[in-house]
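Novice: Sharing a structure below in C-alpha cells format, with a few things to ask.
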Amino acid sequence: MARSSKSVARTLEDLTLDSGYGGAADSFRSSSASLCCSEAHGGNYWHLTDSMHSRHNSLDTVNTVLVEDAEILECSGQCAKLPELEDVPWSLGEVASALSKDKEMSLPTPPQDVLHRFSVLVSRVLVRVAKEAQRLSLRYAKCTKYEIQSATKIVLSWTVSMSCISAAVGALSLYSMSTEEDKFSRGKSARCGLLFNVGKFFRWMVDSRVAVRIHEHAAIYLAACMESLFRDVYARVLRSALLERDNGIPKFTVELLEQAVSGDAEIWGSLQPWQHLICGKNASGVLSLPEGLTLHRDQQQQRGGKSGDGNSYSQTELRSTEQCLLATRVGSISELSDLVSRAMHHLQPVYTKNHSNGTPIHPKCNVIHWAPEAIYTLCYFMHCPHMEWENPNVEPSKVTLQTERPFMVLPPLMEWVRVAVVHTEHRRSFSVDSDDVRQAARLLLPGVDCEPRQLRTDDCFCASRKLDAASTEAKFLQDLGFRMLSCGRTDLVKQAVNLLGPDGINSMNEQGMTPLMYACVRGDEAMVQMLLDAGADINSEVPNTVHKHPSVFPETRQATPLTFAVLHGHVPVVQLLLDARANVEGSLQDGMENYTETPLQLAAAAGVPWTLHTWLESLRTCFHQHRRPLIQGLLKEFSCIEEEEYTEELITHGLPLMYQILRASKNEVISQQLAAIFTQCYGPYPIPKLTEIKRKQTSRLDPHFLNNKEMSDVTFLVEGKPFYAHKVLLFTASNRFKILLANRPCGENTCIEISNVKYHIFQLVMQYLYCGGADALHIRNTDVMELLSAAKFFQLEALQRHCEIICTKNINTETCVEIYNHTKFLVAPDLASYIEGYFLKNMVILIELEPFKQLLYDAPPEGPGSDVLQALERTLAIRIQSIHLSSSKGSIV
C-alpha cells in the first residue's frame, strides 16, 4: 500500500508540475484495448467489440449506454430547461441573407418554417453564451469581447467556437479600420461587414442585463459569432443533405434540419433546450471526437509529409488516445491522473495553436498545469464506485448511500478538459484549479450549480517547476501576504507587508494588482483606510507589460484602485479614495494612450437606476432648457416606471412639473403624452361614485296639500304666478326657507317673491318637500341643472346630491365640459371632483376635442374654468395617494 500511495503521489506531482507532459507519450504503449473505429462525419464513432465486456479500466465506459436510458433521462422532465426567447436580436430576413452570403452555399432560401425552427435552435446558443458571459462579467463588472470570446469557447466545441471567434476577430478588425467618415455615413454592422444588426445585439444585451457595463466590442463579437454559427450549422446541414440526396438539390424541411442536427455531435448538444450542456455525443448517445481532434486524419497527414512534429503513433496508440479522450468514468485518482496527463499531452498543441485570449504568450510559458485539487475535484464527478469492485482487495459495500449518475449525463474527459481550461485561460492562469472543474460541472451536469468566480488574489498562483526554490519560496511568501491582507483583519497589515517582498505595500502579484486594489474590489473600507495609512500608492496602476506579470487581464491595464472601486460600485470606498486625493481620470495623461476607461468614464457608463426620481430630474432639466424633443422622449419613457415605484415625490414634485409643462406647452404631441400619463396615474379603477344623502327627519304633509290655496298660510310669487305652501313644513326644511319666512313683510296677503327660479323648477322643489324625498320626482335631463341650482339656493343638500347623481349618469365626452362649467359656477365641489376624475380617466380622448382644449387653455382668468388645471392636479394627487401610497390601497374605489 505504501508503494501504491507513493506511486499515486508521484503521478500527481508529475501531472501538476511537469512542464511539458513529456513522459506521457511513453505511457500510450501500456494500454491494450480492443476497439474498432468507423469513419463518419464529425469524427470517429466508437463501438464496442465482443471483447469489451469487463470493467478492467475506465476505457470501457465509452458508449456503453442503452438508447432506452437516454429516452428515460430526456423524457423524465427532471432536467431544467433554458428560457425560450420571445424576442431575438435578428430577423428571419437577416438569417436568410446571412445564409446566402457565402457563394459556395448559393442555394435557394429555405422555407419560412425552416428558418423559424433554425432561429429557435440557434437562439438557445445565444442564451447559453449570454449566461456564461454574464457570469464571467462579474469579475470586473463589465462585459467585453473577452467575456464573449470565452463564453463562446465554453459553450461551443473546439471547431465551431474557433470558426465563430475567427469571424468575430475579422468583424472587429474591419470595424477598427473604418475611417472617421464611415462613422457618420455607415452603421456599425456595415463597418463590421455583418448582416446582423449590432445595435440590436447591444440593446438585447442591455435588456438581458448581461453586465452593468457592456462594451460595444462585446456586441460586435456576439453578433459576429451568431451570424457565423448560423452559417456553420447551415453548412453542416448541407453536407449531411448532400450525402443523402440522389439527384438534384435537396429539399429543405424541418425534419431534414432536425435529422442533420441530431447526427452531428459537435452541434446537437448546444442546440438542445436543457440547461446543462450535452457535449461530445449526438442524439443517439454515440461519443465522438470533434473534427479538429481526429487523430487518424492527423496520422494520415503525418504520413503524407504534412506534419513536421515527428510524432508517429501506431493504430493501437491512436485508439488508446482517442479512448482516453472519450472516457466518461474512472475508478481511482491514479487512473484519472494518468488520463488527464495523456489528454493534455495531446490537447496542449491545440490550445497553443488556437490561443486567442488577447494576452501575449511566451513559447516556454504556455503550458497549462492541473493542480492536485483540480484532479481530486474532477475525480469526484467522474468516479464510478462499481469500477473499484473489480479489485479483489476491495469489498463492495452492503449499503448504498448514494445513487450513481446516469451514464447519459456524463460528458467525456475531453469536454471536462475543454471547459475547465477555458475558465483557466480566461483568468490568465497557467494552472487549472478546483473551481475551474466545478464551473465545468455546473455546465456539463444537470442539477449541479455553484457561485460565479470572483476576483481573488490566488487566481493565477502557480508553483511551476520552472522556478528555482528561492523564487518559489518568494512566491509563496508573497501569496501568503496577499491572503493575510484579504482576510479582513486590519491588525495583520504590518506582518503581511513584511512578506510581500521588496516593494512592500505596493507589491504586485501576477495579475498586476496591489493589496489596495483587492481591498477596493472587496469593498473593505477599513482595510483600504489601513493600507492608505501604511503608505499604499493611491494612484498605482496595473502594468501594461506581461513579461513580469503574465496574468494581467487586458481590460484592466493601467487601472487604479479607484477604477476597481467604481467597477464594483462600492460608494463608501470611492468616497474614501476621493477624499484621499485619488485621480478621477486614473492613469490618463495628455498625449498618452490609455488601455482602459478612466474611473470617471466607468461611473458614467454604469449610469444610475432609471427610477421616478431620475426621470423627474431629467424632465425638469429638459423643461428648463426648452428641449422639446427630449421632453417628448422622456414622457414616452414614463411607462417604463413601475407603479410600485410611485412615491410621494410624484405628488409633491412630479404632478406640479407635468401640469406646468402642460400649461406652458401648446404642442399637441406633448399634450397627448401628458394626457396618457395622467390617465395611467389615475388607474384602471372606476371613478368614486356619489352616494345619496339620507334626508333628515322633518315635518311632512300629504301631497294633497301641495299648492293648495284653501289650506295654505304662505304664498310664493314665482315668475308672476302664486304658489301656495305651508309654513310648518318650510320652517323646518332648511335655513334658507326659515330666513325667507322670518323676513317676510307684515301683512296677510304679502307674497314672498322668488327670482331666478322657473315655476316648474320651484314646483319640483316643493314636491320634493311635501313627498319627503325624490322618489316621486320626474326630473327631465334638461331640468336637472336648474333643479340643482334651486336645491343649492334653498340649501336642500339631499336634493342637491340627487341632482348631482343624475348629472354623473348624463356625462359623456360631448357634455362633460358644459356640465363642468355649470358645476363650477354653482360651486358644487363633489360633482366637480367627479367630473375631474372623468376628465383624467378619459383625457387621452378629450385632449383632442376643441371644447376641452378651450377649457384648459382659453378660459378667462375670472371664469369658472380658470383653475381647472390646478383642480385636475389636486384630484389626481388625491387619487394617487389613495391607490398607490395609502396603507389601504384602493380604499376609495
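Here the Cβ of each residue, glycine as well, is placed from N, Cα and C on the backbone.
All TrEMBL annotations are machine predictions without curation.
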Novice: Looking at the ranges 155-175, 512-532, 722-742, which is given as transmembrane segment in TrEMBL?
Specialist: 155-175
Novice: For the repeat 'ANK' (511-543), report the average pLDDT of the model, please.
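Specialist: The answer is 89, the mean pLDDT of the model over that range.
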Novice: Hey, which bits of the same chain come close to the repeat 'ANK' (511-543), Cβ under 8 Å, at least six residues off its ends?
Specialist: 428, 455, 457, 459-460, 481-482, 485-486, 488, 490, 493-494, 496-497, 500, 504-505, 549, 551-553, 556-562, 564-565, 567-568, 570, 572-573, 576-577, 580-583, 586-587
Novice: When secondary structure is assigned with DSSP, how many helix, strand and coil residues does the domain 'BTB' (712-778) contain?
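Specialist: Counts, helix then strand then coil: 25 helix, 13 strand, 29 coil.
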Novice: Give me the DSSP three-state residue breakdown of the repeat 'ANK' (557-589), ordered helix, strand, coil.
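Specialist: Helix (H, G, I), strand (E, B), coil: 16 helix, 0 strand, 17 coil.
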